[in-house]
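Novice: Features from Swiss-Prot:
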type    : residues                       : note
BINDING : His563, His567, Cys665, His669 : Zn(2+) binding site
Amino acid sequence: MKTTAEIRQAFLDFFHSKGHQIVDSSSLVPENDPTLLFTNAGMNQFKDVFLGLDTRSYTRATTAQRCVRAGGKHNDLENVGYTARHHTFFEMLGNFSFGDYFKQDAIKFAWEFLTSPEWLGLPEEKLYVTVYETDDEAYGIWHKGVGVPENHIIRIGDNKGAPYASDNFWAMGDTGPCGPCTEIFYDHGEHVWGGLPGSEEEDGDRYIEVWNIVFMQFNRLADGTMEKLPKPSVDTGMGLERISAVIQHVNSNYDIDIFQKLIAKVAELTGEKDLTNKSLRVIADHIRSCAYLIADGVIPSNEGRGYVLRRIIRRAVRHGHLLGAKDTFFYKLVPVLIDVMATAGKDVKAKQANVEKLLRLEEEQFARTLERGLALLDEALINVKDGVLSGEVAFKLYDTYGFPLDLTADVCRERNIRIDEEGFEREMEVQRLRAQAASRFGVDYNNVIRVEGTTTFEGYTEAETQAKVTALFYEGKSVESISAGQSAVVILDDTPFYAESGGQIGDRGCLIATNMRFDVKDTQKYGQVFGHIGTLIQGTLNVGQTINAVVDTEHRTKTSLNHSATHLLHAALRQVLGTHVAQKGSLVSDTILRFDFAQPEAIRQEQLFEIECLVNQHIRANHLVVTEVMPIDEAKAKGAMALFGEKYGDVVRVVKMGEFSIELCGGIHVKRTGEIGLFKIVSESAIAAGVRRVEAVTGEAAINWLQQQQQILMQSADLLKSDANSLVEKIQQLQDKAKKTEKELQALKEKSAMKAGSDIAKSAVEINGVSVIVQQLENMDVKSLRVIVDDLKNQLGSAVIAFVTKTEDKVNLVVGVTTDLTSKVKAGELVNLMAQQVGGKGGGRPDMAMAGGSQPENISKALTVCNEWLHKNL
């Protein structure tokens, strides 16, 4: 019986033997595709190839693609652990044809791999296939070409309420490539409930889809017309976990070898004896998605991809709590995961220390609020009426205790209670927009400039070339000419202009001809062509016209200084902080460089100095900057670093600076590092959980910055009547003096407050043997109020004291209760009751609590409400 790792390798070996290029799994973070939150299918990395926007050196490919479906449109999170086949992370085995073979070979390849004794050897009688109702060609290949009996072939029509809306018709979107598909199902046997595809019992588990083969043969236009594609293609997908369950003779994906080893480890860590417990499944699934997402550069945070990761981690931790985990456990699964994933675990293994560290930190952070949040939820669930938990409680759990809504829903589901999601949404307001930041991943991919042909880039060696205008776009539409004053996008057949990529902004300059000038403000790449964005200053510009394209060399030179310095900075960060540092984003302009990178902890000042010194050391070394073009595998073998969010072809450009830095990069660089002159870090900050940002300047800009800082230093010294060398000592003296004065002032305030307390004690009234003081005090700060409250509690014995004071437009409230009364009068509840009257809220201990408000005009109302409550409850 084959292991999952052996099945994965067999699939790749089979298609390699059929002339397919084995392509590594792409990152779970889609490259340059804003329409996707996570990679969720094998075809994602080939999307531009299918759309005709990219070319590869091969026409046949095969992959074992890592996928995540959690968050966004494809969200399996709530079902994970409760069904046999839902996962947040899975592997999709796929074979692809880019205008090469089509239906006949695709079908025969699939059948051979599944049934041949040399490969998987499945019994033919256990397999059923579906085809699109009108796809007679596929039906004929299955029946006559392969020999599948007619009673094992099922035609599926438009079963989703519209033309071409079918389980057996695939489309990339409302427009674009689409076509019929054929699916292969495995029959688990009569002992499992379920019916054939298309029957009323099709949702059962007897007949399970294992392979989907899509025939991309049409291009759907906006009016619904189907045009035949000139080069039909094939896109297939087979879930590795599903086919492993078939081969290993089990009906649930969670019973295959990978999951059984993970489940056993979870049980060991938590002490759980029942290996069928669904919480074990949840955790075993979630460690896969979490570890691979972190390895691919996602950091837990409160927005976008990072928030989805945080939700998955917290769901796993909550299920660990259910199993009885007393300590951090989740990160301890990483070594087992690496082992069971075999060769597919190499990416996690390379970043194992960082993956484990981030998982541990996230679990520790959530553990601080988990038990208190669960206690609040348990109390709320006891009081639930009509089987619905209020949105207000769900929001409080989210806002105060860090419970994602689906985690709360998970707990409610176990008790057959649903959440008032509309109420939750109302409470979310602005915070909902942040937590749902994934919604920004919704750009229509078809809304791009599509132009036949390519633009040849001459900019590595030239700053000026002669070129022909191949297309013009004005106000989003293709036009034949533009006039002076109009802003447009100009497409050229050749260009020296660098198009924005890899964080480097696009070149500026001008396009000129006799009596014509077009000022280029930016350059962008659209598929295989370069768009020169700007305004026509003089004359007219026509498609087909020959012009001179001239780059602004001063702008480019300043930009190249910053780009080369960014490479040196990246290398220095990895040397000083560790190899876990990975680029998360960058901006390289003519004025500044900005570099965002994974770093779970704050950077110490001495580390920043070391990084800066290291960069300047390699600038002074005046390394030759060498660029080479080579196969991507060779580049990676040499240690070249790839940049986050960039897409690379089979052949790449490598930029090397001495032995210090080597990266894949298509950008413009200096010839020697000495040209950078000077590198100065001007800012370092956190921009998200686990992500830091460094901003720096170079060359003349760095000198200007240092001169400005020197001027500020001298002005500050003059103001403090000191010299620059003694400035720190002078400031320290002033701070010490200010602290001493503040301490003396506070002592005077407390002394005054103690005296005031003695006077106030005389105004206490008695309610059923309890001394009560409810007053507004003037000219008192919060610290003084607390001193008075503590003093009065000591003086009066059994007492409740409530004070209100006004400072400008703000209200401060302090309530104190002697410990003998806290069972029936809680300071936190009473201060909140008062705060509600003045537009505020607060809290604290049962014996001492504070609150603030913004409506001083309602102070008398707050005092009245407090008095009434005390008369009623004492």
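Each Cβ is built from the backbone N, Cα and C atoms, and glycine gets one as well.
The shown structure was predicted, so the numbers you read here are calculated from the model rather than taken from an experiment.
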Novice: Sorted by position, what residues of the same chain at least six away from His563 (Zn(2+) binding site) have a C-beta under 8 A from it?
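Specialist: For His563 (Zn(2+) binding site), the qualifying residues are Gly503, Gln504, Val588, Leu593, Gly667, Ile668, His669.
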Novice: For Zn(2+), what surrounds His563, His567, Cys665, His669 with a Cβ no more than 8 Å from their Cβ centroid?
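Specialist: Surrounding the site, in chain order, are Gly502, Gln504, Ser560, Ser564, Thr566, Val625, Val655, Glu663, Gly667, Ile668.
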Novice: Give the three-state DSSP assignment (helix, strand or coil) for His567 (Zn(2+) binding site).
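Specialist: Helix, per DSSP.
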Novice: Applying a 10 Å Cβ distance cut-off over all chains shown, what neighbour count does His669 (Zn(2+) binding site) have?
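Specialist: Its Cβ shell of radius 10 Å holds 24 other Cβ atoms.
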Novice: Have a look around His567 (Zn(2+) binding site) and count the other CB atoms within 10 A of its CB, chains all included.
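Specialist: 26, counting other Cβ atoms within 10 Å of His567 (Zn(2+) binding site).
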Novice: Quick one: give me the count of other CB atoms within 10 A of the CB of Cys665 (Zn(2+) binding site).
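Specialist: A 10 Å sphere around the Cβ of Cys665 (Zn(2+) binding site) contains 27 other Cβ atoms.
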